[in-house]
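Annotated features in Swiss-Prot:
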BINDING   G21, 24-27, 38-39, Y41, T44, G71, 129-130, D132, 160-161  GTP binding site
BINDING   T26, T44, D68  Mg(2+) binding site
LIPID     C218  S-farnesyl cysteine
MOD_RES   S2  N-acetylserine
MOD_RES   S8  phosphoserine
MOD_RES   C218  cysteine methyl ester
REGION    35-49  region 'Switch I'
REGION    68-85  region 'Switch II'
Amino acid sequence: MSDSEEESQDRQLKIVVLGDGASGKTSLATCFAQETFGKRYKQTIGLDFFLRRITLPGNLNVTLQIWDIGGQTIGGKMLDKYIYGAQGVLLVYDITNYQSFENLEDWYTVVKKVSEESETRPLVALVGNKIDLEHMRTIKPEKHLRFCQENGFSSHFVSAKTGDSVFLCFQKVAAEILGIKLNKAEIEQSQRVVKADIVNYNQEPMSRTVNPPRSSMCAVQ
């Protein structure tokens, strides 16, 4: 088999992760791409990139190129350029932070603007993060689901800290983009649990990095 024939069996998808700062976007991307969870909050300045190759049913290899967009980018001139060409968009909010959910309207407005200008519509997924803090939830699941129904989003609830449904979220998004259906066994196999230490968020902005702190801990069960 030639190199070109081998490459034809691989797909690459651009997935853009949007949402307010401290909603857990970087932790989500890191948990998926590196199966780790950083113990300290590091503000993303501009954007970070993550890559992970997964295999979907039919032995289809898919490389997900994750664009983690900084929360302060919402008013910047580069945001539309970051979104351009994306096959998938994750709108991420913190289920314990009501404002992070409300602000998704602004993020989605930019996505719609870029989609209209490029005449392409990416798959958009609404992702409620930090479900390990269910007792502190401020956004009811019904409100989350209503927002999905009104805009045609796919719906996901995850915890970047425990790893709950993180891989499944990205797997489902990739499969939906490519028109592939996952069966029940594949979905159950993808629901991973990651052990992590308690996080103390540092409110001081820090320079961005794609490498997890050395003291981070993560174990996939």
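Every residue gets a Cβ built from N, Cα and C, even glycine.
Feature map: annotations from Swiss-Prot on the structure.
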| residue | record | Cβ neighbours (10 Å) |
| --- | --- | --- |
| G21 | GTP binding site | 17 |
| K25 | GTP binding site | 28 |
| T26 | Mg(2+) binding site | 29 |
| S27 | GTP binding site | 27 |
| D68 | Mg(2+) binding site | 27 |
| N129 | GTP binding site | 28 |
| D132 | GTP binding site | 16 |
| K161 | GTP binding site | 26 |
For K161 (GTP binding site), what is the secondary structure by DSSP, using just helix, strand and coil? coil
Do you know offhand how many angstrom separate D68 (Mg(2+) binding site) and D132 (GTP binding site) by C-alpha? 22
What average pLDDT is reported by the model for the region 'Switch II' (68-85)? 87
As a whole number of Å, the Cα atom of K161 (GTP binding site) is distant from the Cα atom of T26 (Mg(2+) binding site) by 11
